[in-house]
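As annotated by Swiss-Prot, region 'Disordered' applies to 1-33. Taken from Swiss-Prot, the feature compositional bias 'Basic and acidic residues' applies to 1-11. The feature compositional bias 'Acidic residues' is assigned by Swiss-Prot to 15-25. Marked as domain 'RRM' by Swiss-Prot on the basis of sequence analysis: 57-141. Residues or ranges marked as repeat 'WD 1' in Swiss-Prot: 207-246. As annotated by Swiss-Prot, repeat 'WD 2' applies to 293-331. The repeat 'WD 3' annotation in Swiss-Prot covers 334-369. Positions annotated as repeat 'WD 4' by Swiss-Prot: 442-484. The feature repeat 'WD 5' is assigned by Swiss-Prot to 530-575. Under the heading coiled coil, Swiss-Prot lists 595-645.
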Amino acid sequence: MAKKKSEEHSGTDANDSDYQEEPNFDDPPGFVDNISDEDLLGDMLAQRPSEADGVESVVVVDNIPKVEPVRLEKLKLVINKLFSNYGEIVNVVYPVDEEGKTKGYAFMEYKQARQAEEAVKKLNNHRLDKNHTFAVNLFTDFQKYENIPEKWEPPTVQTFKVQSDLYNFINDPDTYDQYCVAAETAPNCVQVGFWQNVLPEPFELETRERFTDTFVKWSPLGTYVVTFHKPGVAIWGGSSFQKIQKFPHPGTQFVEFSPCENYLVTYGPTPTGQKIIIWDIRTGAEKRSFVADGMSVLSMFRWSHDDKFVARMGENSIHIYETPSFYLLDLKSIKIPGIRGFSWSPTDNVIAYWVEEQNQIPARVTLMEIPKKREIRNKNLFHVADCKLHWQKSGDYLCVKVDRYSKLKKDKKDLDVKFLGMFYNFEIFHMREKEIPVDSVEIRELILAFAWEPVGNKFSIIHGETNSSNVSFYEVNKGVKPSLVKRLEKKSCTHLFWSPRGQFIVMANLTMGTFEFVDSTNDYIITASPDHFRASEVEWDPTGRYVVTGVSSWKVKEDTGFNMYTFQGRIIKRTILKNFVQFLWRPRPPTLLSEEKQKEIKKNLKKYYAAFEQKDRLRLTRASKELLEKRSQLRETFMEYRNKRIAEWAEQKSRRIMLRGHVDTDNLETDEVDEEIVEFLVKEEVTLLE
């Protein structure tokens, strides 16, 4: 064919001397090709579609209980209930032996192949009971394993990626804290800056454009910062905040870290409700997932302080899962009829929960020890409308705020319940005392806020009318009823923010943007009353030395930014930042020093004062020197620019004279200058004479 084509071409254009005859690629007569199609086109043949044999939607379930015919129906109900959660099952086969006893495996056919794949993914290694753990595989996997090549090829060696020190932020010799500031630069585009709170001016560590779509969140110990994106979330850390791990969960709206930072919980919407996934942070592996109905609220999981257990509330039950397997504790839920709420102790494996009133049975608050599931304390309550559980951070006390009523009004069908004559009780459980005694404080006014002192024995309450409320401080001591130590009257605050170290508290009105700083040691003196109009957030730093108030663009669009104060309310810094979103201090891990060592340091603290003061003076001197040098450099730059412009102006003098009719206007004197003296009041002082 090539030769014929060249002949035709040469016949039509014999004068084309540049034309070269094409080579002949025809095989010689009798040629036999010894290369197979698999060797020649193996990569393409591997992708060719194969004829479906109808078993893609079949799964094989191994390690099921071997039961007699009389128990087979019950077994089918249990297994069908599990596997039907992932799709419609069209056929099930349980092979049996000669005696009719099941052989320990079964075949299940789903309506669609993707349903079978989902069932394998979710139920493989599912623990049915202590003696039976499912091994679930696709039927087509047998064919895949049959075709394993006999010649083993070693896996390619992956280079080891050295991870930077995740705890370098606590190695600063001066122990300066870090914080992050987020600001929206475009829709779904948030810039995040990381700063170190050094003196006299904060130092910028890193700034990332388009770092997150919405907001960021620190992990409890400050090791990681999490960012939100359409495909899922990612965590960052190290000295330069490089990516540590990513977790694919589209549409994630909220995340929770476990207290020891071993696990991450992501919450994302689905057409039928919320999908919740628990991840292993170090490996990025999905440990377990849940689908909650649309009525479920965020943060439905509660972690124990040591990451050994995670719990969630179900209908008339608590589900407690053990880590790292995430199987139910003792393979069953704890049945608690009428349960309405629960909470873990922040320092011990103790769960507090409360049960509503039912059929003339009083409401009840119970403390349960885990994993023994032993009830260590009960408290019956009457005429209860609602309860809130408040643990003190040190785990020494539990306060149960009880909303009580004098009269209950129901309609004919009991669909609408109204509580009349409301009053409130605070039940204080002394967790460190023998038999856990309980004290009660009753208040007849509306309760607006409650807050424990994190490391002390005091708690504070806002009660009364919204615009003219009272703030009461109570002290809890062993063997005596909680005593009222101070009441600040006619305050317009809505929230209470204790310092992480105790003693100081900020009473905030997050509607008006007013704040009062109170020292709870010296007769509860108000040390300062600054204003920050429209402020919607208050953040204490981990050391309790600084407080930040912020006006977020989520609330308003003008005058957004943040103010920084000392713990006594003295303003340090005002920052106006367009489209400011959030300010977050970086948390610190707990100290490695023992309590005895900490007490020794506090006892001998005066020895360190001289060294600290000298260091502060040197720092301020150095800062003053740097400031003077900076000002001097700015002055030199300005004078250089000024002299340059003066010389340029002098060079243009002849041009100016020519343009102005040969009149030198530079030296003309004029009487058209008017001087006006304006006086205004700067300050007025009034002195009373006796």
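Positions of Cβ are set from backbone N, Cα and C atoms, glycine also.
Sequence-remote contacts of a segment are chain residues at least 6 beyond its ends whose Cβ falls under 8 Å from one of its Cβ atoms, and for the repeat 'WD 4' (442-484) they are 388, 390-394, 396-397, 399, 401, 422-426, 428, 430, 433, 490-503, 505, 507, 520, 524. Beyond the ends of the repeat 'WD 2' (293-331), by six or more residues, the same chain brings 127, 129-130, 253-254, 256, 258-260, 262-263, 265, 267, 272-274, 276, 278, 280, 287, 337-339, 341-349, 351, 353, 370-371, 373 to within a C-beta distance below 8 angstroms of the stretch. Within the chain carrying the repeat 'WD 3' (334-369), a Cβ under 8 angstroms from the stretch's Cβ atoms is held by residues 302-306, 308-309, 311, 313, 316-320, 375-382, 384, 386-389, 391-395, 398, 400, 427, 429, 431, 436, all 6 or more beyond its ends.
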